[in-house]
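*Asks:* Starting off with a structure, shown below.
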Amino acid sequence: MTNFANVYPAHINELQARARNVLNRENLEGLVIHSGKELKVFLDDNSYPFKVNPHFKHWLPLTNVTNSWLLINGHDKPVLIYYQPVDFWHKVETLTDDFWTPFFDIKVITNAAEVDALLPYDKANYAYIGEHIEVAKALGFEQINPDGALSYLHFHRAYKTPYEQALMRLSNERAVAGHLAAKAAFMAGESEFEIQRAYLQATSHTDSETPYGNIVALNENAAILHYTALERNKPEQHRSFLIDAGANYHGYASDITRTYAYEQNDFAALIARMDKLMLNAVDGLKPGKSYVELHCETYLDIGRVLAEFNLIHCSAEVAAEQGIVSTFFPHGLGHHLGLQVHDVGGFMADERGTHIDTPAQHPFLRTSRAVEAEQVYTIEPGLYFIDSLLADLKASEHSNAINWAQVEKFKPFGGIRIEDNIIVHQSHNENMTRDLNLG
Ligand code: GLY
Ligand code: MN
Ligand code: MN
């Protein structure tokens, strides 16, 4: 079990230092971070699942508290205004001593409106950081999510402290337990719905606690990139299984994908080849490398796989140059991971938020930033047989470059994606997913 008491103080020190820098740079006195509040469904008295403000859970492992606040000035002990209503309808999160509690000056409120008396009277130099603009205005804030402050915080969020890295390892551990259970359910011939139940059981998550909607796709459904339908019936035959599913640990996400073949066949060989390609891409992730370059190298490598598996008649180079590879690999190589699955800051050149464009040929790439130590990335190359994209390719000038009979052979398997979560260290990469022996 990780002893958070060893790593948490340095995390708070680092966030305090970032706060001092940004407040100084933006001529602000403080940040006022709102955890959020429940959002009601239209014309209903039920709420959507609550998702806490990522800036809030950056400081402390509270993911379920609404109407709570952090007051940060970078010097004094951060103030936590903690909402504990007297409520016999809902469970109220009780406050118990934990590794993080000594680091906050905690003030309890029982009514959300009581916060007003605890906030600075003159808010001209305080920035509200949160989702609820109407709340910020009602409280008298003028600086609401100011761009300059957010750019700074988002740029620096890419560097994970040892505390955050520990949480992300645990988040991987939780997800890997789910992946092993899901694989067993697939091999036992279960439906997508039953596989999902096995995953949730093993991770001890409800489906709203996972960091994103799990993708649990059998056969052709693996070709639908964000497939979340969860078919209740078993298919007639189990051919392939793609699962993209993560977990949460104290608010930090993992994001892992595996693809399995039910039998040893050409699709299984294609998975093994993509696994090799994927691990090679992980090796390419290094401090100083541009993520765009790594994406482009992997894109060409997928062209090589298409040639090796007799899916194209042209060379890998031509398939890459002409954009043919995009039919089979229509998304980016990966993204920053952390408090959010697609963590912020991926396109930032600097702490002012200067945007780095991705190449026009790769519009879906979510990261254009230089790779540096202490950043956490996913690497997730894919190769799919997607009807609509194949139809476009067939109708294009490149149709003759494709071995359509071979494409038809693979179509019933849907596609492949393999995704690991990597911490880049100065001297080596730490593949948190493989370290847990998820093959
Ligand atoms: N699970 C979404 C993604 O892999 O980016
Ligand atoms: Mn994923
Ligand atoms: Mn991902």
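A Cβ is built for glycine as well, from the same backbone N, Cα and C atoms used for every other residue.
As annotated in TrEMBL:
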BINDING   D244, D255, E419  Mn(2+) 2 binding site
BINDING   D255, H335, E380, E419  Mn(2+) 1 binding site
DOMAIN    7-155  domain 'Xaa-Pro dipeptidase N-terminal'
DOMAIN    167-425  domain 'Peptidase M24'
*Asks:* Between E419 (Mn(2+) 2 binding site) and E380 (Mn(2+) 1 binding site), what is the CA-CA distance rounded to a whole number of Å?
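*Replies:* Each residue's Cα considered, E419 (Mn(2+) 2 binding site) and E380 (Mn(2+) 1 binding site) end up 4 Å apart.
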*Asks:* Could you name the residues, excluding D255, H335, E380, E419, of the same chain that surround the Mn(2+) 1 site, i.e. Cβ within 8 Å of the Cβ centre of those residues, in sequence order?
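*Replies:* Result: D244, I256, T257, G334, L337, V341, T378, I379, D420, N421.
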*Asks:* Let me spell it out: for each of the binding-site residues (D244, E380, E419), count the other Cβ atoms within 10 Å of that residue's Cβ, using every protein chain shown. Which one has the most?
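*Replies:* Within the set of binding-site residues, the most crowded position is D244.
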*Asks:* What is the interatomic distance between the Cα atoms of E380 (Mn(2+) 1 binding site) and D244 (Mn(2+) 2 binding site), given in whole Å?
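*Replies:* That separation, Cα to Cα, works out to 10 Å.
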*Asks:* If you run through the domain 'Xaa-Pro dipeptidase N-terminal' (7-155) with DSSP, how many residues end up as helix, strand and coil?
*Replies:* 49 helix, 27 strand, 73 coil
*Asks:* So, in DSSP terms, is D244 (Mn(2+) 2 binding site) helix, strand, or coil?
*Replies:* strand
*Asks:* Go through the binding-site residues D244, D255, H335 and pull out the ones with a Cβ less than 6 angstroms from some atom of ligand 2.
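*Replies:* The binding-site residues passing the 6 Å Cβ test are D244, D255.
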*Asks:* Inside 10 Å of the Cβ of H335 (Mn(2+) 1 binding site), count up the other Cβ atoms and send me the figure.
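*Replies:* For H335 (Mn(2+) 1 binding site), the 10 Å Cβ neighbour count is 21.
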*Asks:* For the domain 'Xaa-Pro dipeptidase N-terminal' (7-155), what's the model's average pLDDT?
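*Replies:* Averaged over the domain 'Xaa-Pro dipeptidase N-terminal' (7-155), the predicted model reaches a pLDDT of 96.
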*Asks:* Determine, to the nearest whole angstrom, how far the Cα atom of D244 (Mn(2+) 2 binding site) is from the Cα atom of H335 (Mn(2+) 1 binding site).
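*Replies:* One finds 14 Å between the Cα atoms of these residues.
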*Asks:* If the Mn(2+) 2 site is taken as the center of the Cβ atoms of D244, D255, E419, which further residues of that chain fall within 8 Å of it by their Cβ?
*Replies:* I215, A245, G246, I256, T257, T378, E380, R417
*Asks:* If I restrict to non-local contacts, at least six residues apart, and a C-beta distance under 8 angstroms, what lies near D255 (Mn(2+) 2 binding site) in its own chain?
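*Replies:* Non-local contacts for D255 (Mn(2+) 2 binding site): P211, Y212, D244, G246, L337, V341, T378, E380, E419, N421.
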